[in-house]
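Sharing a structure below in structure tokens format, with a few things to ask.
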Amino acid sequence: MNKSGSFYNLETIGGILLFIAAVIAIIIANSPFRVGYEYFLSINGSVSVGNLSITKPLLLWINDGLMAIYFLLIGLEIKREVNRGILSDKTNLLVPALTALAGLIFPALIFIFFNAHHPVYLKGWAIPTATDIAFTLGIVSLLGSRVPFSLKILLTAIAIFDDIAAIVIIALFYTEQLSLLSLSLALVFTLILIGLNYFKCRRISVFMLFGVALWIAVLKSGVHATLAGIVIAMTIPDEGKESMLARLEDGLHHWVVFLILPLFAFANAGVSFVGLDASMFTHPVVLGIGLGLFLGKQLGIFLSLGYFVQFKKFLKADKVNLAQVYGIALICGVGFTMSLFIGSLAYQNYDLSLMPMVKIGVVLGSFIAGLTGFLVLKLKQQ
């Protein structure tokens, strides 16, 4: 991976900032400032260009707007890795792809087990399937040499496939009623972006101009607007280390790590425990998410990756053992950012009263998975 040292350092900082932002949000949500916090996120913001006007609460500007930039960065990273990184060597694809798939199936099955008889609850089946790359790499980096670098690379590859799966899930299962006019405009802007690449336009400002137009069209189409970020990323030229893709990725990475993801965590992680009783923790949605992240992820990833390590001698040269694999499998249960995001999509048009359950399940499941994974890897070394 290019610039691997700076990448992992940045992800470490990002994981720490995410944790701080989430803790602050939880503290505020359980304090007298809770009303102000909720009011702040509900403030409407408007953007007008000519006759076109978009008005949304601040929370949705973050989730639909800023998160599109995050998905743009994800798309750029995936394209880079396919062209000349981890995913460019086809022999490196099978293990992380199958591991990520198993890490998706088991959490989904656990969620379905608890919510099969509740049609609305069941719409959140994908919530525990996600892995937060910033948090996971942040936790792993705190362990230093206890985790072989090759295992960190593998974790990154698994997270990339996890992101690809999340993109497909959002596109297929969390798309509203479609507007053919807006979709047609989105297709036109996509073709323009492809044309800019083909005719060797290398001005980021031109791509971003039509990228914003594409985002607006996708926003109005019924497809979730964040997917515009992925489409834009796939059209960005990539011709080597100093390419437009590399420059845009470098420029966005700091904004995403230091602003967008912490702001998303602050806006979405504010779960209030005021007035909660023990029965809330046995709610089917909470159990499905919490156990899906903690139990489902570790089962899926440990069984699949453990098989390759134990029986196919995968990573044998790096002396990776099953205890390290189990620790990594646990840490992959930190779904946080993407789990909260999918949760907001799953229930936003059905039952917003379920969002506190989503937050409780994601926070508890991610915390327990991350802590136990950290302890397993730390104690194994000792």
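For all residues, glycine too, the Cβ spot is worked out from N, Cα and C.
Annotations for this protein, taken from Swiss-Prot, read as follows:
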- 13-33: transmembrane segment (TRANSMEM)
- 58-78: transmembrane segment (TRANSMEM)
- 94-114: transmembrane segment (TRANSMEM)
- 124-144: transmembrane segment (TRANSMEM)
- 153-173: transmembrane segment (TRANSMEM)
- 179-199: transmembrane segment (TRANSMEM)
- 204-224: transmembrane segment (TRANSMEM)
- 256-276: transmembrane segment (TRANSMEM)
- 285-305: transmembrane segment (TRANSMEM)
- 325-345: transmembrane segment (TRANSMEM)
- 357-377: transmembrane segment (TRANSMEM)
Need a quick answer: max count of Cβ pairs under 8 Å to the transmembrane segment (58-78), which of 124-144, 204-224, 256-276, 325-345, 357-377 is it?
256-276
Report the listed stretch (13-33, 94-114, 153-173, 256-276, 357-377) having the maximum count of Cβ pairs within less than 8 Å of the transmembrane segment (204-224).
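Between the stretches 13-33, 94-114, 153-173, 256-276, 357-377, 153-173 has the largest tally.
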Tell me, please, if the transmembrane segment (13-33) and the transmembrane segment (153-173) are in contact, taking contact as 3+ Cβ pairs under 8 Å between residues separated by 6 or more positions?
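By the criterion, they do not touch.
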I'm a bit unsure how to read this: which one of 94-114, 179-199, 285-305, 357-377 has the highest number of Cβ pairs shorter than 8 Å with the transmembrane segment (153-173)?
94-114
Please indicate, using numbers and ranges, the residues of the same chain that are 6 or more beyond the transmembrane segment (357-377) and have a C-beta under 8 Å from a C-beta there.
22, 26, 124, 127-128, 132, 135-136, 139-140, 142-143, 146-147, 268-271, 276, 280-281, 283, 285-294, 297-298, 323-324, 326-336, 339-340, 343-344, 346-347
Can at least 3 Cβ pairs under 8 A be found between the transmembrane segment (94-114) and the transmembrane segment (285-305), with each pair 6 or more apart in sequence?
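Taking Cβ pairs at least 6 residues apart, the transmembrane segment (285-305) and the transmembrane segment (94-114) are in contact, with 3 or more under 8 Å.
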Mind checking which residues of the chain, 6+ beyond the ends of the transmembrane segment (124-144), have their Cβ under 8 Å from one of its Cβ atoms?
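For the transmembrane segment (124-144), the sequence-distant neighbours (Cβ-Cβ under 8 Å, at least 6 residues beyond its ends) are 8-9, 11-16, 18-19, 103-104, 107-108, 110-112, 115, 152, 155-156, 158-160, 162-163, 165-166, 169, 173-174, 257, 261, 285, 288-293, 296-297, 328, 331-339, 341-343, 346-347, 354, 358, 361-362, 365-366, 370, 373-374, 377-378, 381.
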